[in-house]
């Protein structure tokens, strides 16, 4: 193993762009406490330090994932609750038949973010995803805020998907065996209304709790076994969605597409172009997950090549499926009649084809299981990177000697997710996860722009494409559009969701000030 790089405090960048110098992490003579702590908030982690971390981790992880496996990991995370559950919510309450436009808008913004992620991953192939990228470009405080929002994407996202899994499990039992499971033990005891949180008569979402614990203990036995299970689940669910699309086409009624963009209600302010934007903010959750590929960088073979391929392939395949499926679903059933808990199964039931109903249920269970699997893989690896930097307790960076995974972080993530999945409603969780991820994408786009100017000579196996001389001389263009689009989606979100996100970020900053900053 190579020796750690030598840092020269107060100097300038080396010509090769790898070893550049940072300011001293210690308090300077005659420096005030306020200035010292303010300087630490914007201190970046050098690329040399990141490179050294990768070399140290080389002996701890198994590099067993190629481009194909990484694409399936991405599809495992992406194709799930977003289309199986949130399609109904977005179409019925926000966008109407124009939910297809919402999916397209979400796909475009995700596509630009995917290009930025691919460039970052080829340049900094280290687990940690957007957290690591923010630390290398914007500083420690920004990295902490991003990592805090990644908890929304991965941990809260997994809990959200488990609630969708529970709904489809209930539907499967009914369609296959004609038995109706009581809502008492399949719904959360807490609900969210316009007036705030309230308690319901339900006890606990038991299926959501159980699937999260089952997946957690599966992941515990190593990435190789987990990847094999994920490959099977992903190929099956993609096949089911393709069969469903073609089977439903004969049942499309063109009148269900009119009006395509529902006129805005002056009294309530619902629908219209604003509704399409709100729908895009909601279904954006359907694209969440492709970035989880970058958290497996230290378990990937040739990460500078395989990570960009996996990220871009995942997004392209999932976007085609989403737009096609949403167009068919709102054509078969009027958007006002779509079921909010399991819209695809409800629409398939209109066809009276029992085989397709059962197949859809099983496909939904496979899809949501694979999403949970990948999200619960991703979060402990972000914790691992944060723990290495001292921002959270050291036990999160402990690697199991046999299974080669961050085992304590995996167990912690799974148990917390299981409790959230059993107690909290899907609406609160999914909206916060979507908004937190949009903010993360904004930072990654900005990070690409910064590194294009500050680290020009660092090798990149992939660059955000320009296409023409005009674009190639302005590397901020596409990432800038992606960042601006992210802000547009945030603006289109409901005010109460933005407030909850700000409260969440505020809690994270308090934890950083009292723990992370002191131990970094």
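Including glycine, each Cβ sits where the backbone N, Cα and C put it.
TrEMBL annotations: computationally assigned, not manually curated.
Since this is a predicted model, take the numbers as computed values, not measurements.
Under the heading transmembrane segment, TrEMBL lists 70-87 (among others).
Sequence annotations record features per position, and here TrEMBL assigns transmembrane segment to 130-147 (among others).
Outside the transmembrane segment (154-174) by six or more residues, the chain places 80-81, 84-85, 180-181, 186, 188, 205-209, 211-212, 285, 288-289, 292, 341-342, 345, 358, 361-362, 364-365, 368-369, 371-372, 375-376, 378-379, 382, 413, 416-418, 420-421, 424-426, 429-430, 432-433, 436-437 with a CB less than 8 A from a CB of the stretch. What TrEMBL records for 154-174 (among others) is transmembrane segment.
Summarising the annotation, TrEMBL assigns transmembrane segment to 204-225 (among others). The list of residues near the transmembrane segment (204-225) in space but at least 6 beyond its ends in sequence, with Cβ under 8 angstroms from a Cβ of it, reads 61-62, 64-65, 158-159, 162-163, 165-166, 169-170, 185-189, 296, 299, 369, 372-373, 376-377, 400, 402-405, 407, 410-411, 413-415, 417-419, 421-423.
Annotated transmembrane segment per TrEMBL: 232-252 (among others), in sequence order. Same-chain residues lying 6 or more positions outside the transmembrane segment (232-252) and placing a CB less than 8 Å from one of its CB atoms are 72, 75-76, 79-80, 83, 317, 321, 324-325, 328-329, 331-332, 344, 347-348, 350-351, 353, 356, 359-360, 362-363, 366-367, 369-370, 373.
Look at TrEMBL and you will find 272-290 (among others) tagged as transmembrane segment.
What TrEMBL lists as transmembrane segment is 311-335 (among others).
Among residues of the same chain six or more beyond the transmembrane segment (355-378), those with a C-beta under 8 A of the stretch's C-beta atoms are 73-81, 84, 129, 153-155, 157-158, 161-162, 164-165, 168-169, 171-172, 175-176, 211-212, 215-216, 218-219, 223, 226, 229-230, 233-234, 236-237, 239-241, 243-244, 247, 289, 292, 295-296, 342, 344-345, 348-349, 410, 413-414, 417. Residues or ranges marked as transmembrane segment in TrEMBL: 355-378 (among others).
Within its own chain, the transmembrane segment (408-429) has Cβ neighbours under 8 Å at 85, 89, 154-160, 162-164, 166, 188-192, 204-206, 208-209, 212-213, 215-217, 219-220, 376, 379-381, 383-384, 387, 395-398, 500, counting only residues six or more beyond its boundaries. The transmembrane segment feature in TrEMBL is assigned to 408-429 (among others).
The feature transmembrane segment is assigned by TrEMBL to 435-454 (among others).
Within the chain, the transmembrane segment (475-491) has long-range Cβ neighbours (under 8 A, six or more residues past its boundaries) at 105-106, 108-109, 112-113, 115-116, 277, 280-281, 284, 435, 438-439, 441-442, 445-446, 448-449, 452-453, 464-466, 498. Marked as transmembrane segment by TrEMBL: 475-491 (among others).
Sequence-distant contacts of the transmembrane segment (497-515) (same chain, at least 6 residues past either end, Cβ-Cβ under 8 Å): 141, 144-145, 148-149, 152, 391-392, 428, 431-432, 435-436, 439, 490. According to TrEMBL, the feature transmembrane segment maps to 497-515 (among others).
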- Task: Mind pulling out the one from 70-87, 130-147, 435-454 with the most Cβ pairs under 8 angstroms to the transmembrane segment (311-335)?
- Result: 70-87
- For the transmembrane segment (435-454), what are the same-chain contacts with Cβ under 8 Å, counting residues 6+ beyond its ends? 109-110, 112-113, 116-117, 119-120, 123, 130, 133-134, 136-138, 142, 146, 149-153, 156-157, 281, 284-285, 288, 291, 464, 475-476, 479-480, 482-483, 486-487, 489-490, 493, 497-498, 501, 504
- Under an 8 Å Cβ to Cβ limit, what residues of the same chain, 6 or more beyond the ends of the transmembrane segment (272-290), are close to it? 74, 76-78, 80-83, 86-87, 89-91, 94-96, 98-99, 101-103, 105-107, 109-110, 114, 117, 153, 157, 160, 261-265, 311, 314-315, 318-319, 322, 371, 374-375, 430-431, 433-435, 437-438, 488-494
